[in-house]
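K.L.:
Have a look at the structure that comes next, please.
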Amino acid sequence: EQQRYLNAKKYVKLFLVADYIMYLKYGRNLTAVRTRMYDIDNVITPIYHRMNIHVALVGLEIWSNTDKIIVQSSADVTLDLFAKWRATDLLSRKSHDNAQLLTGINFNGPTAGLGYLGGICNTMYSAGIVQDHSKIHDLVAIAIAHEMGHNLGMDHDKDTCTCGTRPCIMAGALSCEASFLFSDCSQKDHQEFLIKNMPQCILKKPLKTDVVSPAVCGNYFVEVGEECDCGPPRTCRDPCCDAATCKLRQGAQCAEGLCCDQCRFKGAGTECRAAKDECDMADVCTGRSTECTDRFQRNGQPCKNNNGYCYNGKCPIMADQCIALFGPGATVSQDACFQFNREGNHYGYCRKEQNTKIACEPQDVKCGRLYCFPNSPENKNPCNIYYSPNDEDKGMVLPGTKCADGKACSNGQCVDVNTPY
């Protein structure tokens with residue numbers, strides 16, 4: 001499964017924000033600020049393409065009236081404020097994986113940017129901030145690529161790290177020389193981070209219509225108006241795609257995709273993806289497109305020796321959720337612990353309505369907070385929960401989890417598996 005995850009194409013749906021000082025700096029000219037940000041995006045895209053990651057700009061916001069947070073010269077404080085604003089405001093308006101704030105302010109000391117290490121796909125921490133510190137947009141783009149690198153699990157390079165001659169992207173200090181490569185250490189950091197955390201949001205390919213930047217033929221991503229995109233003409237080796245026009249060559253039906261073979265659609269019924277487990281199904285081609293549509297077993301089908309029920313292609317059971325939260329020795333707590341879910345507080349509730357925690361009904365207690373026994377030398381408490389004020393939903397019993405024979409959790413209630421949920 002790890003190898004399958006590593007080999008999969010990754011997509012970072014990026015949202016860029018420019019603050020009020022940026023707007024003033026570029027003469028209150030929205031077009032100038034937008035152009036600056038598009039130019040930056042066009043530098044970031046090929047940098048990450050080498051890492052098997054496509055960066056798609058899915059949103060752009062310019063604070064042309066007033067800042068939506070207090071942008072200040074303390075980078076730490078500004079990053080925290082920006083991340084909170086993203087989590088509470090931006091995410092509810094526009095779905096994206098990562099947000100970066102470009103500011104015209106001077107940060108204290110030599111800092112040109114800051115980003116949370118390993119924050120990608122996290123509601124609170126998938127964010128960075130960068131100072132518009134140079135007239136040369138390449139250098140600012142590299143600073144954003146650097147902060148995104150932190151979000152993707154990369155630490156600063158040590159002296160022994162190498163990417164060729166220049167300092168690499170994750171160098172600890174700013175360079176006035178542009179470097180477009182990640183070091184061997186960064187690539188190792190990133191791979192280890194992916195294996196350990198397997199962030200899911202970056203597996204989802206954005207739609208052509210999600211991308212807000214002008215279409216660029218040669219950036220490896222098929223955008224509105226393009227039929228294919230195999231990169232710049234000098235490097236494209238795709239016999240199906242005309243790299244100069246991003247159109248299919250004469251006679252070609254397709255250029256890429258799991259249901260495309262030698263520029264033709266694969267036949268209807270051809271298997272394009274094997275079943276991953278008992279809740280998945282083998283996926284097949286239609287013969288009419290390159291898409292390999294993901295199919296899975298119906299919700300409610302028993303799985304894992306009748307310990308769970310299939311839900312959206314997975315088999316969520318409490319035992320696995322306790323191990324994920326507390327480590328390999330953890331087990332599910334005794335039934336008595338789940339009675340805390342009837343209290344309707346931080347430690348026990350079934351769902352939230354307008355941010356109010358709703359206590360569980362007696363029959364629903366196993367669809368609220370998950371109670372686990374860590375079974376470790378330092379923790380012998382039989383009733384443990386995982387609670388983080390920054391991500392209150394983490395540590396709740398997952399939707400679709402078996403809560404009784406013939407029943408599964410749906411929206412904090414223990415419902416019959418034969419009803420749609």
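Every residue gets a Cβ built from N, Cα and C, even glycine.
Quick paste from Swiss-Prot:
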- Glu147: active site (ACT_SITE)
- Cys217-Cys246: disulfide bond (DISULFID)
- Cys228-Cys241: disulfide bond (DISULFID)
- Cys230-Cys236: disulfide bond (DISULFID)
- Cys240-Cys263: disulfide bond (DISULFID)
- Cys254-Cys260: disulfide bond (DISULFID)
- Cys259-Cys285: disulfide bond (DISULFID)
- Cys272-Cys292: disulfide bond (DISULFID)
- Cys279-Cys310: disulfide bond (DISULFID)
- Cys337-Cys383: disulfide bond (DISULFID)
- Cys350-Cys360: disulfide bond (DISULFID)
- Cys367-Cys409: disulfide bond (DISULFID)
- Cys403-Cys414: disulfide bond (DISULFID)
- 10-206: domain 'Peptidase M12B' (DOMAIN)
- 214-299: domain 'Disintegrin' (DOMAIN)
K.L.:
With every protein chain in view, what's the tally of Cβ atoms within 10 Å of the Cβ of Cys285 (disulfide bond), excluding that atom itself?
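P.N.:
If we count other Cβ atoms within 10 Å of Cys285 (disulfide bond), we arrive at 24.
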K.L.:
Are there residues of the same chain, six or more positions away from Cys292 (disulfide bond), whose CB falls under 8 angstroms from its CB, and which are they?
P.N.:
Gly257, Leu258, Cys259, Cys272, Arg273, Asp283, Val284, Cys285
K.L.:
Counting by DSSP secondary structure, give me helix, strand and coil numbers for the domain 'Disintegrin' (214-299).
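P.N.:
Residue counts in helix, strand and coil order: 0 helix, 15 strand, 71 coil.
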K.L.:
Across the whole of the domain 'Peptidase M12B' (10-206), what does the mean pLDDT come to? Round it, please.
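P.N.:
Averaged over the domain 'Peptidase M12B' (10-206), per-residue pLDDT gives 95.
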K.L.:
So among Cys217, Cys337, Cys383, Cys409, all listed as disulfide-bonded residues, which is physically nearest to Cys240 (disulfide bond)? Use the C-alpha atoms.
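P.N.:
Ranked by Cα distance from Cys240 (disulfide bond), first place goes to Cys217.
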K.L.:
By a 10 A CB contact count over all chains shown, which of the disulfide-bonded residues listed here is most packed: Cys230, Cys254, Cys279, Cys360, Cys367?
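P.N.:
Buried the deepest by this measure is Cys367.
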K.L.:
If we check Cα distances from Cys403 (disulfide bond), which of the disulfide-bonded residues Cys217, Cys337, Cys367 wins as closest?
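P.N.:
Minimum Cα distance from Cys403 (disulfide bond) across Cys217, Cys337, Cys367 lands on Cys367.
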K.L.:
Find the shortest Cα-Cα separation between Cys236 (disulfide bond) and the recorded positions Glu147, Cys260, Cys360, Cys383, Cys414, and name the residue that gives it.
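P.N.:
That would be Cys260, nearest by Cα distance.
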K.L.:
Give the distance between the Cα atoms of Cys263 (disulfide bond) and Cys254 (disulfide bond), rounded to the nearest whole Å.
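P.N.:
Cys254 (disulfide bond) has its Cα 5 Å from the Cα of Cys263 (disulfide bond).
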K.L.:
Cys337 (disulfide bond): which of the disulfide-bonded residues Cys228, Cys230, Cys279, Cys409 is the nearest Cα neighbour?
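P.N.:
It is Cys409, whose Cα lies nearest.
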K.L.:
Secondary structure at Cys409 (disulfide bond) (DSSP, helix/strand/coil)?
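P.N.:
Once the DSSP labels are grouped into three classes, Cys409 (disulfide bond) ends up as strand.
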K.L.:
Which site among Cys240, Cys246, Cys383 has the most other CB atoms no more than 10 Å from its CB, taking these as disulfide-bonded residues?
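P.N.:
Within the set of disulfide-bonded residues, the most crowded position is Cys246.
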K.L.:
Return the residues near Cys414 (disulfide bond) by Cβ distance under 8 Å, restricted to its own chain and a separation of at least 6 in sequence.
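P.N.:
Listed in sequence order: Gln363, Asp364, Lys366, Cys367, Cys403, Ala404, Lys407, Ala408.
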